[in-house]
Each structure stands twice: as structure tokens, then as C-alpha cells.
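Visitor: Structure in C-alpha cells, see below.
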Amino acid sequence: MVEPVGNHYVIARPVYSENAFNEEHEKLHRYHKTFWDHLKLYFSCSPQRVKKIALGLFPVVSWLPAYRFREWVLSDIISGINTGLVAVLQGLAFALLVNVPPSYGLYAAFFPVLVYFIFGTSRHISVGPFPVLSLMVGGVVTRLVPDDSIGNGNSTNTSAINDERVMVAASVTFLSGIVQLLLGIFQFGFIVIYLSQSLISGFTTAAAVHVLVSQLKFMFQLPVPGFNKPLGIIYTLESIFSQITETNVADLVTSLVVLLIVFVVKEMNDRYKEKLPAPIPIELFVTVLAALISYFVNFEEKFGVAVVGKLEEGFQAPVAPDVGILQKCIGDGISIAIVGFAVAFSVAKVYSIKHDYPIDGNKELIAFGLGNIVGGSFKGFASSTALSRSGVQESTGGKTQIAGIISSVIVLVVILAIGFLLAPLQKSVLASLALGNLKGMLMQFKEVSILWRKDKFDCVIWVVTFLAAVFLGLDIGLATAVAFQLLTVVIRSQIPSCTVLANVGRSNIYRNRKDYSDIYEPEGVKIFKCSSPIFFANIEFFREKLITAVGFNPLRVLRKRNKALRKIRKMLKKGELQVTPKGLICMANPTYESDEELDNNQIEELDQPTVMTDLPIRINWSTDLPPGITVPQVNLHSIILDFSSVSFLDFSAMTVLRKTLKEFVRLDIDIYIAGGLLDKLERSAFFDEEIKPSMFFLTIHDAVLHILLKKDIANSPKLKIAEVTLQNGLRNRECTVRL
């Protein structure tokens, strides 16, 4: 019964062990589904399940009929136009990262949007090229079709090389789509949880650095080969600075001017976003202006600048991926699939929380997988979502993926009709636009100091991920980062948080004894808490911490006691000891024997419980022993283990834990465990004659009250009659014991 008294509460109830509580309160039997039950359910077939699967595969069916046409259509059209213009420019710019002709970036900005409209669950993200993925695909392209394969650089050879590179990009994109589709079908959407926010932030920041370095050759217009290998960024910088005197000044000046304008206007967009009806489309203005200036001034002939050139008009027939290429880039396909999904899902989750609607990780995997499969078939490259482009779609009023369809129409118009207008545009302008979109990712450097103050493990993960991705490459760097992150989890779980608790304020509250001054510790009682799972990797650490907390090694004390009993038996047999009412008295000078002689090659017997039935007197280990016999003093009679925060125990941990508990029990120390795990231990045959289920109590306070009442009964003859009640768990009486 709980009675509120002001801001206090008074509880009157029996002291409960786990067994006593379960006997008094009926526990419901719950059937836990097995793996085969889940498998049968997954492959079961019924009309309702078919309908559910159909709606699940085509999320558009669930939201499109409920579309508020009059309220949303204008916002979606405006948002779609703005997003489409940005998508066109980003598609062209990010194609440079992939090392393919710019027009293929338009395909990557078109086909995945159409697929995501049907299969995606987010209403606000803009699907298409993403600089990190583009750079990862470009790494594969450079590795399989290196720059030095261009040879003499004539137009025919360059065209053949470009075709080969397009095929590599399309094949690895197709493969990443297959990986994402399979992960979605087999319900592996949870895989994103293994990429922490710190890891994603460090990885995308490193990718931004790679993007920055990769665009320098377009800004300086230098023939820099690709180095897709560990320390490739160092070799790239070395190649750039070794040719720095050959820089095309016109391209460099154009790049710096465009960068300055883009950064200033983007800063204005961020600072005055509350006052502006929509972000200023500076990329569009800069592109149109640069194309016009380049056309009328004829920069290509006068200054020798590199231009986009004629774009492919219309669409090409879909092609099958090259099997030979697929075999060479399996690891890259998996990395691209996981990174693309992780970034897109993170952005989608932010908008789903902001606008209060659900998203499904498995359906997102299927949507992006199908998008990459279709995009790769039409010679596009890997897609995800660009943070800036999604921000434009959401901030300009986009309500649904209708805005995505409108944006794809804008891309379609450029592909079919007006792409030729971008032919005189300098590649250095596209490079500057790509760098202009990196501000958000590069600003993530600020997170290092914040993470250091909040969580040093996360800070180290960020730094290691960044350094690994920068110097080892994005593919090897990602694998290294994930491995290191899992290692930190192992390290943290391998060193569990173990503390000694004490009662605070003479109530039912128990906290770390080092944190408070007003504490109470019952005499002879030690309360030990473990706040982590206990398993094979940390059970020895747990045992060492427990031994340190109690102040002695139970196995050592047990062996000392058994050795002492052997010596006492020998001394009694020789007449060197005599039993008196006051205890054992030494009648002669004791003979000292080494521990090896006392062991008698039977060390296993020393680990067994002490047996005194054959002795004429029971040995009190707390009193003075005969000369020549020393046994460490033990001042504890009870140990309470707080396992309320222990989520699981594995078999190895159970074995060591049972052995450790038996060592204490054999020293006549009572063991009590507060918290759960009783059901699991019973199923695992953990208990025997020495370790019994009766040691489990609901809370620490229940165990403490039980110990104190048991002590009162032992010290007062008048309370002996209550001992039977105590042994039955005090089920029929309420007990109040003041601490």
C-alpha cells in the first residue's frame, strides 16, 4: 500500500524475495516466439497479408489518395522548380567527382526520383547525386580506368575511355542497388544503427576534404591523375603542387570569384532565412551568368579554359552491367550501398520527426535499391540525397514527393531541350559550385570540441574515422572506422561500471558510497552493483572488482581454511592440541609445515567446503587460532549483488559467476542478488544445493531488511519463534525495520 503524505510517500508491504513475490502474485505465462514462428509468419499468406504487403511495397498508394490538392499543389510546384534547378547544377557538378562527362549527372538526378516517388516513405528528401557517393564511385572509376590509360589524349581515344568509365560507374551503381534491395527484402534496415552519428559526421567531413582536393585540378586546370589508394590524397596534392606553375589563371580567377559569391549569398540565405520567402538560387544565377560570359567572350579559345562541351541529348538505351566489372568492385558496391542509405535515412529521419510522420528503413532500402538499379541501367551513377538540395525542397514549401516529380520534370527539360545552352560553361565553375555545397560538411569540424566535452569515446571515433577516411581512402576508411567503433563498444562493455553502494538518507535509496556523506552501511554487509551486461569478455574483470570491493580473495581464504583444518587434525592426532571449554590449547611447540606439504598434491580438495564434523569442536575463524596457524580474517557475513542493470549473462559468465558465488558461500557468507535474471538462470540450470533461487530479492532494500531481521532473530532468543516465518519469505506479515 502506498500513501502519499505531502511530497513524501509511505510504503507498507512485506519483504519480498523473488520466490515469495511470485508465490503471492500470479505470474502470467507468456509464449516467446521462436525463430521458426517468425519464419512461418513471414512466409504466411492471407488476403489481409497480401494487401498489407502490396501497400507496403507501394507507399505512394497510401498517401497519394489523401493528397490535399488545393492546399499543397502550389507549394509543391514552387518547391519542385527550385529543387529541379539545383538538381540540374549539382548533377553536372557531381559528375566531375565521378570522372564521367557532365551529362550523365543529369541521368543520376532524374531516374532515382521517379522510382523514389513510388517506393519511398519520406515526403521531403530530394533524391539524386550526393558528393560523398559520387566521390566513392569516382574512386572505383579511377582505379579500374586510370587516367594514364588515356594515352595520347586524342578525341577518339578519350571518347572510348569516357564510355568505359561510364560503364564502370553504371555497373557499380547497379551493384549497390542490388545490395540495398536485398538488404531491404531481408529486413536489414537496422544495419544503419552500426553507423553512429559521430562516425557519419567524421566520414562525411573526410569526404568533403576529398571532394575539395579532387576539384583543385579543375580549378587550376592541371592534368592530375587519380590516386585511388591509401595516402592517395597526399599523392594528389603532391602532383598539384609540382605543376602549380602551369595553372590556368583564367580558371583559377573564375573559380575564386564564383566561390566567393556562392559563400556570401549562402551565408545571407542562412542568416535571413526567416525573412526570405525562399533561398536565393545563387547557383542558377551564377551558372547562367558564367555561361553567357563564356559564350560571348569565348574563354575557351582566348584563355584555353576547359568547358563542359556538348551535352548528350535525350536518353540512351538501358544497358546491362558488365559482369567483369561487378566482380572487381563487390566491396565498393557494399560500401556505397551502406553509406548512401545511412546518409539518406539520417536526413529523412530528421524531416519525419519535424513533420510528424513515420518512415520505414526497410522500405527506404528497397526504394534506393530500385532507384540505383534503374539509374545504373540508364548509365547514371549512385544516388542518395544531398543535404542542401533536400533543404531547398523542404524550406521552399515542399509537402510531398510531388515536388520531387516536378523537379525531375525540370531535369527532363534540360536533358531533352536546353542542355546545349550549358555547353560553353567552364568546368571550373561546376567545381566551385560543388565546393560551395560543402560548407555544411566542413563546418562539422566544430563537433570535435563539443564531443570532447560530452563523450570522449565519441570524439575519438570522430577523429579516427576522419583520419582513416582521409588518408586510407573512403572505402578502407569506412571499414576501419566501423571496426574501430565496434572495438570501442567492446572496450566499454569489457570494462563494466562496478560500484559499492550505501544507503543514503536512511531510506530505501542506495547510491555510490563515494558520492555522498550521509550514508549508512550495515555492519558486515557489502552492496556491490554492476551496471553492464556480464559476458565472457568482462566476467574476469567483474570478479576482480568484486574481490577488490570485499577486500579479500574468497578462494585464497577457503584454501587457507582447509589447510588450517588439515593442520589442526594432525596436531590433534599427535596430541599437540587439546580441546577445552575455552577452545583449543596448544600443548607443545607446533611443527611448521610448508603449504606444499599441506596440499599433499590434492589442491582440488582445498577448494571444497570446510568440513568440521569429524572435529570435537567447531572452529570459530574470527577468534584466535593455535600458534602456527594463520587464516585471513573475514569481516563480512552478507554480500548483496545489484544486478538490476545487468541485461544479460552468457554461459561463460554464468560458469565463472557460479564458481565465485560458491567460494563466498563456502566461507559462510550469505549471497543475495537484487534484480532480474532469475528466469534465465533457472532455465540454464544455474542453481544447486549451494546456490539457491532463494538468494534473489526484488530490490536492494528488501535484501537489506531481510539481513537485518535475520540478524535480530539470531541475536534475540525471543525472536527465534519467528525464524520459520522468515524462512518462508515473510509472506504473511508486514515488516518495518528502521535503518
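Every residue gets a Cβ built from N, Cα and C, even glycine.
What TrEMBL shows for this protein is this:
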TRANSMEM  77-98  transmembrane segment
TRANSMEM  104-120  transmembrane segment
TRANSMEM  127-146  transmembrane segment
TRANSMEM  166-192  transmembrane segment
TRANSMEM  199-220  transmembrane segment
TRANSMEM  240-264  transmembrane segment
TRANSMEM  276-297  transmembrane segment
TRANSMEM  334-353  transmembrane segment
TRANSMEM  365-382  transmembrane segment
TRANSMEM  402-423  transmembrane segment
TRANSMEM  459-487  transmembrane segment
DOMAIN    515-707  domain 'STAS'
Visitor: Counting Cβ pairs under 8 Å that are 6 or more apart in sequence, does the total for the transmembrane segment (365-382) and the transmembrane segment (459-487) reach three or more?
Guide: no
Visitor: Please give the sequence-distant neighbours of the transmembrane segment (459-487): residues at least 6 beyond its ends with Cβ less than 8 Å from one of its Cβ atoms.
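Guide: Distal contacts: 132, 135-136, 139, 194-196, 198-199, 201-203, 205-207, 209-210, 228-234, 331-332, 335, 338-339, 447-448, 451-452.
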Visitor: Could you give the residue numbers and ranges of same-chain residues that sit at least 6 residues beyond the transmembrane segment (77-98) on either side and whose C-beta is under 8 angstroms from one of its C-beta atoms?
Guide: 104-106, 108-109, 113, 126, 128-131, 134-135, 137-138, 141, 165, 169, 211, 214-215, 218, 278-279, 281, 283-284, 287, 308, 381, 386, 388-389, 392-394, 396-399, 402-411, 414, 422, 425, 427, 430-431, 433-434, 437
Visitor: Under 8 angstroms for C-beta pairs, at least 3 of them, ignoring pairs fewer than 6 apart in sequence. Is the transmembrane segment (334-353) in contact with the transmembrane segment (104-120) by that rule?
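Guide: These two stretches do not touch.
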Visitor: Under 8 Å between C-beta atoms and at least six residues away from its ends: which parts of the chain pack against the transmembrane segment (166-192)?
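Guide: Result: 98, 100-101, 104, 137-138, 140-141, 144-145, 319, 321-322, 325-326, 329-330, 332-334, 336-338, 340-342, 345-346, 360-383.
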Visitor: Across the domain 'STAS' (515-707), what does the pLDDT come to on average, as a whole number?
Guide: 86
